[in-house]
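> Grabbed the feature section from TrEMBL, which reads as follows:
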| type | residues | note |
| --- | --- | --- |
| ACT_SITE | 148 | active site, charge relay system |
| ACT_SITE | 224 | active site, charge relay system |
| ACT_SITE | 257 | active site, charge relay system |
Ligand SMILES: N[C@@H](CCC(=O)N[C@@H](CSC=O)C(=O)NCC(=O)O)C(=O)O
């Protein structure tokens, strides 16, 4: 693992690393915020909150725009922000912003030309946490949250792995990708024409089938330009009500799809996760 840069922030460190990903078959960059324990206690271990970003993002959008570091430092939570896809000249790509590099959709691709590198689901669930837990002072508690495509990733990964995560949240997630243009395009390309294979990557389908109920918070702005056509939180809500899943879905008047919305409610999301990540087991 190679340290690319390190900057002091709120007594902690905002860092960026490059590593060679075995699963994605290419070099990957991620960002991490490390709180600094005020007593200088080097053996303190922290929970990790993984942020999954949306279409066109790298690891830097969230780190630079969300304003999460001050409260993460105060609460004592490590933030980890991966890139949104494999990258590089040898990695398949598409000229559109919603497919290929920057648009990995947190799935394991089965189709050509994607399957050699596009295994973002396994990367987020397995390879990245292994790396993080080997190199940073972590305890065994993990949360996952994200925005838009990354909100979809967080919901799907959290619900499919309730034993690995304590809490899940999402800003403006793509809630029903099997039934929206972004999702149909990406899942069709990465997984092929058999739409049944898409269902494992659809939060609305998964919430209807969930047996274990991880705490989930979803925040949605009512002036979001993608709300009706791409995001469909109403479908998630209906499926949750039908299955008895205690989903906390909040609508916020006047907010759009941007990082201004995320920055406005990041404190609520961090405190939501802190309730579960910092809880002392009885
Ligand atoms: N360029 C596209 C939309 C790109 C966009 O809005 N990306 C969002 C995530 S959308 C869902 O995954 C984003 O987070 N952008 C980065 C940022 O820093 O704002 C278009 O014009 O439609």
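Easy rule for this one: first residue shown is 1, then count along the chain.
Just so you know, glycine gets a Cβ as well, placed from its N, Cα and C.
If you look at the structure here, what lies around each of the features I listed?
Other Cβ atoms within 10 Å of the Cβ of residue 148 (active site, charge relay system) number 25 in total over all chains.
Under DSSP, residue 224 (active site, charge relay system) is assigned to coil, being neither helix nor strand in the three-state scheme.
Residue 257 (active site, charge relay system) is surrounded by 21 other CB atoms, counting those within 10 A of its CB over all protein chains shown.
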> In whole Å, note down how far the CA of residue 224 (active site, charge relay system) lies from the CA of residue 257 (active site, charge relay system).
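Residue 257 (active site, charge relay system) and residue 224 (active site, charge relay system) have their Cα atoms 5 Å apart.
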